[in-house]
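If you check TrEMBL, you get these features:
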- 28-54: compositional bias 'Low complexity' (COMPBIAS)
- 64-76: compositional bias 'Low complexity' (COMPBIAS)
- 309-322: compositional bias 'Basic residues' (COMPBIAS)
- 28-84: region 'Disordered' (REGION)
- 309-391: region 'Disordered' (REGION)
- 216-236: transmembrane segment (TRANSMEM)
- 242-274: transmembrane segment (TRANSMEM)
Amino acid sequence: MIQQQIAAEADKHGLTVPEYVERMKAQMMAQARMQQQQQQQQQQQQQQGGQPPQSEAEQRHRQGPQGAQPGQQVPIQPGPPKPEAIAMATFLQSQDLKMRTCIFNEQRKDMFKVKRAIRAIQSEAYLKARKKNPLLPEVKDRVTAENAFKLLPLSLLALRVSKVDENAGHEGHNHGKKKRVKGLWTVKVEPQQEAADEYYYVWLYQSTAAQWKNKLYAALALIGILAVVFFPVWPYTLRIGVWYLSMGMLGLLGLFFGMAILRLILFLITFFTVKPGLWLYPNLFEDVGFFDSFRPIWAWHESEKDMKKRKKAERAAKKARREARARGELPPSSKKSKQKQVEENSQPVPAQGVVEAKETAATGAESAPAEGLQQRHVQPKAASVEEDEEE
């Protein structure tokens, strides 16, 4: 399984499997040389300070039996994955790590934050899983939790990644800039695999269940293609049913385009009559779920600058509430209160000093909103990476 993944990665880079492994080994050797140089520099500094140089055994003794200390760099070591690493990957994939989708090697991959993985490893669920699966390493404190987590990059099951600089190009130009997927990070592998809380890791490991799931989808796609090819030999009743179904789908598609044109016309009219303009179904073309595309029903237009200010204020208020709750000034929030808060945030609220649209409609007043009115263009409810970093 892992050999197939290594072969796929080698094929992406246009290399054979031995060449790809040799390249990874060369990177590992370069990293080892850098570490040796750093150790030599430390020894020279100690000698200049009057301290005797420490041998490798003494350094290992200082580091303790648990291996790497928190924040220590771990080089990538290609090779067959350890059973302990596979057990750790299977456990973490079963936990709620709040995955983010990213673009890695022009493919969509799941990305997670280290602090959530460490939190899962130190949870009671890990203790229960370890009783069922003794391959999971023992975890006593933060150091052992990080060492257990570092089994993933050592076996190439998950690697530390960072966001690619969008402005990076060749010779000061953007000739090498690739097409960016809206809302998704394009990431690259970092040469040193560390386990700090703020770092991100991308999954390269696929469990057996996930592989069978992909094979099932491929088989269903093949069956669908064959069904379309043999459509002329279908029974007459089935062909009539497909015709009615296609007409219904075309009707829904036409209704969708009609709605899009209608909302654009309404916005243009209100933009010149009742500034800043009104949108029907503001999330219609946003990257959200099907039902969220039709919530809320309407919202005022908002510029990108005002949108950033509003989101910044919301994040600051959220952080203040979280700090107050940590100090005990506020009671802990329940699921119902969170749902109520989401519903309240999703409602369109005009800017300060402006009468709400509902009150205007109730009194029959025809006065336009003030010039300072901002758009309540509700953004997708999917959590962004920026919000994730503040948690």
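Cβ atoms are placed via backbone N, Cα and C, with glycine included.
Bear in mind that the values here come from a model prediction, so they are computed numbers and not experimental data.
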Same-chain residues near the transmembrane segment (216-236), Cβ under 8 Å, at least 6 residues beyond its ends: 242
Residues in the compositional bias 'Basic residues' (309-322) grouped by DSSP into helix, strand and remaining coil: 14 helix, 0 strand, 0 coil
